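Straight from TrEMBL, the features:
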- 15-387: domain 'Myosin motor' (DOMAIN)
- Gly115, Glu116, Thr117, Gly118, Ser119, Gly120, Lys121, Ser122: ATP binding site (BINDING)
Amino acid sequence: MNRQSTGMSLQQRLEAVNDLASLSAVSDDVIVTCLRERFMLDTIYTNIGSSALVAVNSHKYVASNADSLLQKYAAHYRDTTENKTPLPPHIFQLANNAYYHMRRTTQDQSLILSGETGSGKSETRRLAIKTLLELSVSNPGKKGSKLATQVPAAEFVIESFGNARTLFNPNASRFGKYTELQFTDKGRLCGIKSLDYYLERNRVAAVPSGERNFHIFYYLMAGASAEERQHLHLADKTQYRYLGHRAGAGTRSNGVRDDDANRFEQLKMALKSVGLSKRHVAQTCQLVAAILHLGNIEFTIDRGRDVDAAVVRNVDVLGIVAEFLGVQPSALETTLAYKTKLVKRELCTVFLDTDGASDNRDDLAKTLYSLLFAWLNEHINQRLCRD
């Protein structure tokens, strides 16, 4: 047998390996080759034993993630026939196993997703939750059926406020997340709770080159009605500093993309699904707009003072932000242009220059956005969490 045929034989054998633990010779090169050969066939899932899975991000649609295949794995789970033919490795199967062990042992189960940015954790997580929903509400009662629609809606809300387009991923999560699905003794979904960690709040005021800020800013810019835009003082011709200015294929001014308007409509329906009233939705949009306008506040030095103290240059924008936040313009300007420090048990007011005031402005924007994100998550928990 020549070297070429030997290589082909090895390649074929590695393509057929469903479980890396079954490799006779384990090395970095063999593992990488195995995953690559399977990936080239759009086989993106490979087991590592019975409770771990490697998922390679295909960065495209693959038939193995279709709803029809999910139904196949769900039917396989419900099939009580002995000696069933096992199905190929898949996140659907891993989720099935977790659900099975939860039902059988009545103990909590965990799915931990780990990987670099752009490795597909968010999509894999979405598919796992979709599988668990399918298994738990096959014969749903009213509450189960309602939750089955509320869970994806809640996911979309948090995704809209916590995800962003990066250089490597059009829908990258910019925060850590713990999600708890709660089930009854009969395995029916009865609640969901989410905790968020380490939101990338710096992105609010400093978008990396070639990337976008959080999705919600662009959804609002693209999808707000004429009446909403007038009320929120949003204009296409205005360049908003927090949106970045780089346009690319499929983008318009301020980085808005063609599908952002549709996403905004989906977001409003999702917010309604998780229990936000029209007033809360309007107030949420108003706060997002306030943050956008806040980023456009500029400062100059007041030469009428003995010290180099910053004052707001564009008081019209200051007025808009103050109105949306429910404070007086003078109070907001004071907050931005001064800093109070504790010096030897005494509070001292420090005049800030333009750079210091700009930093204060950006810190306020990041704090407001972080609080909004936390409030949305807490509201969803109050509506959907059983405990």
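Cβ coordinates come from backbone N, Cα and C, glycine included.
Owing to the predicted nature of the structure, the values given are computational and were not obtained by experimental measurement.
Overlay of TrEMBL feature records on the structure.
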residue	record	Cβ contacts under 8 Å, 6 or more apart
Gly115	ATP binding site	Lys121
Glu116	ATP binding site	none
Thr117	ATP binding site	Thr166, Phe168, Asn169, Ala172
Gly118	ATP binding site	Asn57, Thr166, Phe168, Asn169, Ala172
Ser119	ATP binding site	Ala55, Asn57
Gly120	ATP binding site	Ala55, Val56, Asn57, Ser58
Ser122	ATP binding site	Glu159, Asn163, Asn171, Ala172, Ser173
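Secondary structure at Ser122 (ATP binding site), as computed by DSSP, is helix.
Apart from Gly115, Glu116, Thr117, Gly118, Ser119, Gly120, Lys121, Ser122, the residues listed for ATP, the same chain places the Cβ atoms of Asn57, Asn169, Ala172 within 8 Å of the centroid of those Cβ atoms.
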